[in-house]
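Visitor: A single structure is presented below for examination.
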Amino acid sequence: MFPEQLKVPLGKWVNQFVDWLVINYGAAFEAFADSLLTLLVALEQVLRGAPWWLVLIAIAAITWHASKNWKLVLGLVIAMFIIGMLGLWDKAMQTLALMIVATSLSVVIGIPVGIAMAMSNRLRAIMLPILDTMQTMPSFVYLIPALMLFGLGKVPAILATVIYAAPPVIRLTDLGIRLVDPEVLEASRSFGASRKQILFGVQLPLALPNIMAGINQTTMMSISMVVIASMIGARGLGEQVLMGIQRLDVGAGMEAGIAIVLLAVVFDRIGQAYGKRSQRTPNTGDAQ
Amino acid sequence: MTEKIVVKDLYKVFGERPDQAMQMINDGIDKDEIFDRTGQTVGVCGANFTVHEGEIFVVMGLSGSGKSTLVRLLNRLIEPTSGQVLYDGVDIAAMSDEELRALRRSDMAMVFQSFALMPHLSVIDNAAFGLELAGVDEAERHERALAALDQVGLKAHANSYPDELSGGMQQRVGLARALANDPAVMLMDEAFSALDPLIRTEMQDELLTLQREHKRTIIFISHDLDEAMRIGDRIAIMQGGIVVQVGSPEEILNNPANDYVKSFFRGVDVSTILSAKDIAVKRQVTVIEREGVGLKTAINRLNKEDREFGYVVGDKIDFHGVISIDSLDEAIKAGKTKLSEAFLPDVEPISGDTQVSDLIGTVAHAPCGVPVIGENGKYLGVIKKANLLATLDREGDGING
Ligand SMILES: Nc1ncnc2c1ncn2[C@@H]1O[C@H](COP(=O)(O)OP(=O)(O)OP(=O)(O)O)[C@@H](O)[C@H]1O
Ligand SMILES: [Mg+2]
């Protein structure tokens, strides 16, 4: 037996910290949660309210814009159509709204953090272990503090998803910027570029393929978080899976699982197509 | 000649404690020992030189001798540890960031060995890169970029991307990017070293053509002596961070400062580097043609000096002709009185700028040493078969004047 006296009451400390946060910043958290919720609800209403064919057309248009490949467009439209045929359209739209908000938030937070990491070795040294932890921690551990701060519902689901899904976009933004050829940076400086001009005119455009890959991974991770987030009251496809488990209804669980996979495929293919587009290759060029 | 860039006591130490290394330099400790004792590298050590407006100033040296460091100190891509770089009299080392950016945008452009083009920009946008940074609007910058691309013969590729071009073409884009800003000074760090020899020569010619059309001050880094000799008006030679010699190619060739400098010339074909004026010697008998100097006086002079040939010049030391004892004798017998009537008909003077390689035939077939003339027909001396052979023979182990 490990001596009892040596035990560090880490759990207690964390609880105390969360309590302290709730007591002191509760109002701020609430305001933040409210605005996030408003955004999510609005998006959800749009997606669920829109006729199904309009959503299909929108997805087709986005896919076409990303890939200019009609086979892919057709494939993804069919995938979405199957989700509808499984009777999960409405739930899928809820999940979609949740994912769009969570992924956007991850990207909005992740890219600046990635840029800051690329600029500062010290920050990078601090962030890397944090990112590792964020990714390896069992994902539902995030649910607990999120729950305590925001209660049951959609907002903690989004936050837990953001924490779990943001690391790839942060990492790949950092990596992408660091991989930019130092000679190209030197050339930019030699022509009188300021730091801002270098960042926006050279580093970010050149890091774009990596950043896009990061966004894609982030999207995939946020989908995988959807099931778990349903435990704390996020509605959508995850709820259906959870129900399948609770009622030992293999069929229902399976249906929901297939719908999640299809949704993931749609997101992945669109993300990849955008990623490829950002990586201009000689012969396929921009004008195709 | 206007002094465009003046470098004064310029030092660069790479390391944590440059003050300590500077102290050691002042104490006379050498670069290698400073590195062994402190781990700091002395990149450039006490450089002093002047670059004149409109010249191509080549900096040569072995790998690691500090050439790239030196050129980056000029536009402060590398911060100097101490010393001054005066550009038109203004110290670049003391400029604010704002002033420095303005200088880089308008006055000093750089061309890189690895081209360093922006892979995500089309050729025209690459060429317009500096203009965009300077805030020039799109229509004007495309117009100017296109004009620059035209100068390097790449106008047709304006909409390609760098990875679609060959190395030589990519470096033309690099050159166009620098030209588009219309800079007074161009810094070229081994700009042609990555190109294969044929393309390299072509680019050198192109640079010389551009330079003829519009004289800029060019600082050109190279480790290739042939290149340096070909394009350089003056050459600085660097050894272990120190500028050991600055001079015209001929000066350095004729008078190398040390064995390191000499070693550069090993294997160089001197006959293409030296010109007639470099090897002409003035130890011949000259006769100044004026009132009172007749055929008799000349023949006496040659006899007294025990020479067979004499070189007749005017009072401004301008070359008139060659006489020999025989030709003088004949002229006297024929009743002539003027020196010009005794000139050897088949000896033509050669211009001082003729390359040695081009005069071998002339010298070999001439009956006497061939006179060399400079501007306005000025007599510069004579090349005899013996000096020519000596010159050609000295190639291979450097030339000691
Ligand atoms: N950023 C740096 N940090 C530390 N040392 C450096 C740095 N840059 C250059 N050096 C050192 O300074 C010395 C001069 O380097 P520099 O690159 O100027 O040489 P070079 O003459 O351009 O050589 P090359 O022909 O290989 O390009 C070398 O010993 C090099 O290792
Ligand atoms: Mg170099």
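Counting starts with 1 at the first residue shown.
Each residue, glycine too, has its Cβ placed from N, Cα and C.
Please treat TrEMBL annotations as automatic predictions, because they have not gone through curation.
Annotations per TrEMBL:
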DOMAIN    A:92-271  domain 'ABC transmembrane type-1'
TRANSMEM  A:20-43  transmembrane segment
TRANSMEM  A:50-66  transmembrane segment
TRANSMEM  A:72-89  transmembrane segment
TRANSMEM  A:96-120  transmembrane segment
TRANSMEM  A:140-166  transmembrane segment
TRANSMEM  A:220-238  transmembrane segment
TRANSMEM  A:250-270  transmembrane segment
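What's the neighbourhood like for these features in this structure?
Guide: Long-range contacts of the transmembrane segment (A:20-43) within its own chain (CB-CB distance under 8 A, at least 6 residues past either end) are made by residues 97-98, 100-101, 105, 148-150, 153-155, 158.
Outside the transmembrane segment (A:50-66) by six or more residues, the chain places 72-73, 76-77, 80-81, 84, 89, 93, 266, 269-270, 273-274, 277 with a CB less than 8 A from a CB of the stretch.
Proximity of distant same-chain residues to the transmembrane segment (A:96-120), defined by a Cβ-Cβ separation under 8 Å and at least 6 residues beyond the stretch ends, is recorded for 36, 39-40, 43-44, 47-48, 127, 154, 157-158, 161-162, 165-167, 169-174, 176-178, 199, 203-204, 211, 214-215, 218-219, 222-223, 225-226, 229, 234, 236, 263, 267.
Residues 14, 18, 21-22, 29, 33, 36-37, 40, 98-99, 101-103, 105-106, 109-110, 113, 134, 218-219, 221-222, 225-226, 228-235 of the same chain lie 6 or more positions beyond the ends of the transmembrane segment (A:140-166) yet place their CB under 8 Å from a CB of it.
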Visitor: Determine which residues of the chain contact the transmembrane segment (A:72-89) at the Cβ level, with the cut-off under 8 Å and only residues 6 or more beyond its ends counted.
Guide: 52, 55-56, 59-60, 63-64, 237, 240, 255-256, 258-259, 262-263, 265-266, 269-270, 273
